[in-house]
């Protein structure tokens, strides 16, 4: 076969030009699961974080597993969060169990206007300890804080339960966006810290970080 005049061929002893290696637009990946009873607002919570929008209208329960990705920047590192939205119904629980082992962080939601969703948190935590990684990051979230007139779960009750299990806690609103981004950024900071702590880097405690940010938001009325 005759080569194109002037073009280098394999016989010329020159290596062909190669495209530069693909460089992803993130430094590390973190897999996050949203857990909790059906109707606590997991899908709306995810859409608020991903798109900055509130999914209003007729409620349609998640069937099985849905996922979305978003890259956030924390402390100069780009963290790609792979977020799995799970079905809360009992009949899909076996599907959810299959994803526990790969998750590095779990956001466990209840609805502050629904007593049973809060009562079932202990059962969810039992499942987590049975199926998830031993060092998985867990955060407890009391969602729908914007509907304060219908509240049946006090914030203090959420705080008490979180302390019992040694996990960070905050109340959130998928509708207004209150503390939604903070929850994911706290997770991203923790995963970034675990991925490669530098010798001169101060210790990072996710519970302390969440508490400091909650106080800061309260003082500045910025949520």
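Indices start at 1 and increase along the chain as displayed.
The backbone N, Cα and C atoms fix where each Cβ goes, glycine too.
The region 'Disordered' annotation in Swiss-Prot covers 1-22.
Summarising the annotation, Swiss-Prot assigns GTP binding site to 38-44, 62, 88, 143-144, 146, 173-175 and lists similarity to another entry as the type of evidence. Secondary structure from DSSP puts residue 175 (GTP binding site) in coil. Counting every protein chain shown, the Cβ of residue 175 (GTP binding site) has 19 other Cβ atoms within 10 Å.
The motif 'Switch 1' annotation in Swiss-Prot covers 52-67. For the motif 'Switch 1' (52-67), the model's pLDDT averages out at 68.
According to Swiss-Prot, the feature motif 'Switch 2' maps to 85-102, an assignment based on similarity to another entry.
The cysteine methyl ester annotation in Swiss-Prot covers 220, and the record cites sequence analysis as its basis.
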Next item on the list: Would you count the other CB atoms within 10 A of the CB of residue 173 (GTP binding site), including those on all shown protein chains?
Entry: 23
Note to self: Please list, in sequence order, the residues in the chain of residue 144 (GTP binding site) that are at least six apart in sequence and whose C-beta is under 8 Å away from its C-beta.
What the structure shows: 40, 41, 111, 112, 113, 173, 174, 175
Check: Per DSSP, residue 40 (GTP binding site) is which: helix, strand or coil?
Finding: coil
Check: Tell me, how many other CB atoms lie within 10 A of the CB of residue 38 (GTP binding site), whichever protein chain they belong to?
Finding: 15
